[in-house]
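Asks: Pasting a structure below so you can have a look.
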Amino acid sequence: MEHGQSHRAVQSERHAAVRLLKALMVASVLLPMALFAITAWVDYRNFERITNERIDRSLDILHEHSLKVLETTERAYAEVNEVVRGMSDNDIRLNEAALNKRLKQIVTGTPQMQGIEIIDRDGHPLVSSNGLLTPGDIDFSKAEYFTALKSREGGTYVSTINAPRPGVPGYFISLSQRRPWDDGTFNGVISIAVPTSYFENFYAHISDTVDYFALVRADGHFLARYPVVSPASLLSFDDDKDFRTRIAHGHDYSIYTAESPYDHITRRIGYRKIAGYPLYVLVGVEWKAIVSEWLRYNINYLIFGAPLMVFLFAVLGLALRRTQRLYDESERREAVENALRHAQRMEAIGQLTGGVAHDFNNLLMIISGSVQRLRRELTDKKSLRLLDMIGTATHRGETLTRHLLTYSRRQTLTPEVIDLAQRLPVLRELLTRSLRTDIEINVEVPDTVCAVRVDPSEFELAILNLAVNAKDAMPNGGALSMSARPVTLKGDASEEGLSGDFVAVYVADTGQGIPADVMMRVFEPFFTTKDVSKGTGLGLSQVYGFAKQSGGTATVTSTEGQGTTVTLYLPRSLEQPQPAEPPLQAPAQAEAAGTVLLVEDDVDVADVGASYMRQLGYRVRSVADVQAALAALQVDAQVDLVFSDIMMPGGRNGLDLAREIGERFPHIPVLLTTGYSASAQDAARYGVVVLQKPYDLESLRRHVREAMEQARVPPAALGVAG
Ligand SMILES: Nc1ncnc2c1ncn2[C@@H]1O[C@H](COP(=O)(O)OP(=O)(O)OP(=O)(O)O)[C@@H](O)[C@H]1O
Ligand SMILES: [Mg+2]
């Protein structure tokens, strides 16, 4: 309906708002994180590029420096060759002192050279810059550089690191070249000692952000390294696999990242070959330093970004919580308002129908009473048939008003404690007879006792009404399932705010279901979707009224096209339930005669009552109000029963009368009658027997007997006797 539609629209709008807030919360985290990741990555690539450039620049410097050293030695070779040109080994030996001085001159002032030595073709030194030689005592013919140079032409041989020796105070490498004859054949070696400290000092001097330098021979032997490792280990072979595999593949230049086997530091390393020499210069930057610099740079984003992100997230979270709470609150309020509106509507309809039904009841009593009287007086068949028709119609009318009274909760109930776990299976029989064969009936009850205090016949009627509805909803057959189980309610709006221990009775069908717009109105009296002849719209009203009056409620849930479930919540009782089938009472006999004092303000109703009483064999005296009744009892106490309506004019009602009689004439039985349940319940509380209007002869007979029995053992008599 209109209301339902706008409610759904509001609801979906709320859901959208909540979803948007949630999405914003996620975005408030994800977006800055993604931005941060991207900038961090870009920065990282930048740092890598900058580092590579730095390495390249350092390689240039190192390369330049090494070349200078090599050029100096080249010049020294040329000079020495010039000095000894045309001299035989013997000439040199004879001129040793002068040549030693000359060589010393070449070495002095060039820190990259520590000494020069000329060696003859057999490996014996001829002259050295470091002092005069003792002839014949040293033989270099087995030295690596000597054999290498002897077997090949041209080029410079670079040795590994040599330990200090007399005349050469520090670690050094020697660079040697052939001393050729004029015809170019091997005539010995000129060897120059270059101190490793010369390189190391330079490296230390230029080390800054680039902090690793090395001079390495093509076979991987380190000739100089910074930071300086203990010289002994420098002499060993550096197993730098990355470097060695790269040069093995013929790469003269490369940049890579590797961990040093010496100090286990991971570095970004670049190397370059020195053209014309089997030498490489290496430059490295500690990887950790690059990363930490990058981190330091990026942490700034985090320092400013993270608190902002957290703040935004928190603000959104707060907004979400507030919004949700607000929505929850208003939804709860709407539910309560709806429930209240519904309840008020039902109450209003109830009062209206109740009033109408009450007056209707009195009319029906007159009609049915008159019919019974006429039946005894008329004998011709035609009139009797007419009377039958009137009787049937009145009976239907009575059933109708009974439903209305139930709905308006003015029905007089005779509650008993019954166990639904036992009662439901019994009802199955009744239903099997009244439903079609294409409807399967399932009943399921728990092992536990499901005791409730209700009027058993009203309960049966409610179940029957539900079953008939289910039958109508399943024109092509289906299943009807009934079950009961104890439940504890917690004041939910869907159960009309009930809380406590209840027994829930479910009656479910597999029928066509109830459309949403019909749903709100199904419990209203006279609401029906069926044809005029088929439905009165009072079935569910009876169910609802009965459940309400019994202290519970009824709810309905339905899925269109799949079925409907009506649930009755009845308060659980702790009393001992009565057996399912009460023993049948013996048919009443004609009672012993006596006098009845009939108290009734409505003349016609009084007439009917009197007629019934006469049929039961009583003499009847009629009065119209309480005052008159008491006066009659005062003058003539020969009354065997007082039969009074409860509602009466004159300020005092039937209940007051019963109380007064209980005090002044305790031996006289009193039977009250009414169409209002509230007054009936009041009376029942005082222990007075009450007959519900409209009544027939049979129920009047039963109640008269009950009243008589009660007067024999009046509950108050015990108190009086004591
Ligand atoms: N089990 C059900 N499946 C589908 N619709 C149902 C069911 N029970 C009730 N209804 C709907 O609720 C309306 C009211 O039901 P209710 O029992 O009060 O009256 P009725 O069945 O129309 O008439 P009545 O019961 O007085 O003969 C029905 O007309 C029907 O539209
Ligand atoms: Mg019905």
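Every residue gets a Cβ built from N, Cα and C, even glycine.
Note that TrEMBL annotation is computational and uncurated.
As annotated in TrEMBL:
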type	residues	note
DOMAIN	355-574	domain 'Histidine kinase'
DOMAIN	595-708	domain 'Response regulatory'
MOD_RES	Asp645	4-aspartylphosphate
TRANSMEM	20-42	transmembrane segment
TRANSMEM	277-295	transmembrane segment
TRANSMEM	301-320	transmembrane segment
Asks: Please work out the mean pLDDT for the residues of the domain 'Histidine kinase' (355-574).
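Replies: 88, rounded to a whole number.
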Asks: Which residue counts does DSSP give the domain 'Response regulatory' (595-708) for helix, strand and coil?
Replies: 55 helix, 25 strand, 34 coil
Asks: Note down the number of other Cβ atoms within 10 Å of the Cβ of the residue listed as '4-aspartylphosphate', including every protein chain shown.
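Replies: By my count, 24.
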